[in-house]
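Colleague: The structure's right below; bear with me while I get my questions together.
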Amino acid sequence: EVQKHSVHTLVFRSLKRTHDMFVADNAKPIPLDEESHKVKMAVKLRTEYGSVLHMPTLKENLREKGGPNTGDPYGHKQYSGNQGQELEYMITGTHPYPPGPGVALTADTKVQRMPSESAAQSLAVALPASQSRMDANRTAAGVGDIYRHAGISERSQPPGMSAAMVEAGGNKNTALMAKKAPTMPKPQWHPPWKLYRVISGHLGWVRCIAVEPGNQWFVTGSADRTIKIWDLASGKLKLSLTGHISTVRGVIVSARSPYLFSCGEDKQVKCWDLEYNKVIRHYHGHLSAVYGLDLHPTIDVLVTCSRDSTARIWDVRTKASVHTLSGHTNAVATVKCQAAEPQIITGSHDTTIRLWDLVAGKTRVTLTNHKKSVRAVVLHPRHYTFASGSPDNIKQWKFPDGNFIQNLSGHNAIINTLAVNSDGVLVSGADNGTMHLWDWRTGYNFQRVHAAVQPGSLDSESGIFACVFDQSESRLLTAEADKTIKVYKEDDTATEETHPVSWKPEIIKRKRF
């Protein structure tokens, strides 16, 4: 009696039989047919390397290698440019055998061999200094290049190799040089920063901080609705200013007049005269909380940014709104001004950064590389560059067009603030109370700080809302969620021997966007 099986079982048995039948030669390559291989290579030569077949090899090189090759294995004719002339040059193709120009095709050289590394690098093509030859050389791969990569379908330079164009006399030589993998340059050594003073006095989160141009005092704004002015040297409270009816989110001191500007979640922008300690001007126009402000360095213009998705430009003296910069689709978290174009830079919760034309009041460039809210932007004091901070990355950019430079990865938190000094120390402060210090040029993170909260505060009240260097750049001040201002300074006792850079020149696999 024949046992009945399901269709499923029968199919799998059939599959197994088929597999067993062919498994013996499963991994064997198909034997090479000489004729078809020659035809294939001849077609490949014409279609893919037609542009470089005219490129000659100098007679001197042929003498070194041996006599001229008498036969072409693929039956190519000489090009008409060489007819009627003394046979000084030989047309060389891209096939891997014979192994070089001028080698006779014997039983031994018929074996398919790739040239050695040194042989490939020594194959250089010297061209007569005619413009047509030079033009052809600019767009075509070198003969050595072709020999090295024979049989590989390619329309561009092979990875890891670069053709170096060397001008000597009237000739151009194309030599193959191995390109090094990109490595991170060695960062500049910076001494570590240490906490040396904690200043308390505010009754709420300290949201903003600014140092006056004379470096005698600094000013802070807080969620307790007050603005306090502190002596920088001693840390003692000099003055408290009241007038805001909600959290103070931004303060800045003018270098051109004895004025202090402040803004807050009460939609108000105020100008304080520090000779009388009174508000002398209000700037009305924002429809929601004002998150930040900055003064133009050379003209009497104030720029503010708000939760109403706009930034506004104000004439300091007349209180007039010169421009309303609209274009962001969510709250504008930060704004910065500079004398050079673009004069205004904004970062927003819509994840974009915009570079603005101050005169026209329009966007010049929109940078969309960030994936999350951009809460902080900082301009380098010496270089024509800036950085932006977001929970996904800190990114560096080049003015004026906002060309991307590099990512500074590793500060995995909500970055509220960035500061940079002339020495190239970039500081990022985050919502979880961590502060990272970076070398600006290389993006190397040379120090991480997480200061303890003020006694009596919860650990969850660890958060940095703002940070700034003083005018001498020897002190770093942070405004924190535990209601304190912390002051850091460089460790004078540290040396490169005691605090070496733990840096390895590893190959960078840097995410570009």
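Easy rule for this one: first residue shown is 1, then count along the chain.
Cβ coordinates come from backbone N, Cα and C, glycine included.
OK, TrEMBL features for this one:
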REPEAT    199-240  repeat 'WD'
REPEAT    241-282  repeat 'WD'
REPEAT    283-324  repeat 'WD'
REPEAT    325-366  repeat 'WD'
REPEAT    408-448  repeat 'WD'
Colleague: Can you count helix, strand and coil residues in the repeat 'WD' (199-240) using DSSP?
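Modeller: Once the DSSP states are binned, the repeat 'WD' (199-240) shows 0 helix, 24 strand, 18 coil.
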Colleague: Sequence-remote contacts (6 or more beyond its ends) of the repeat 'WD' (241-282), Cβ cut-off under 8 Å?
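Modeller: Residues 204-205, 207-213, 219-223, 225-229, 288-295, 297, 300, 302, 304, 306, 314, 316, 319 contact the repeat 'WD' (241-282) from elsewhere in the chain.
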Colleague: Using a Cβ cut-off under 8 Å, which residues of the same chain at least 6 positions beyond either end of the repeat 'WD' (283-324) come close to it?
Modeller: 246, 249-250, 252, 254-257, 259, 261-271, 330-339, 343-344, 346, 348, 350, 356, 358, 361
Colleague: In the repeat 'WD' (241-282), how many residues does DSSP assign to helix, to strand and to coil?
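Modeller: Counting residues per DSSP class in the repeat 'WD' (241-282), I get 0 helix, 24 strand, 18 coil.
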Colleague: Please work out the mean pLDDT for the residues of the repeat 'WD' (199-240).
Modeller: 97
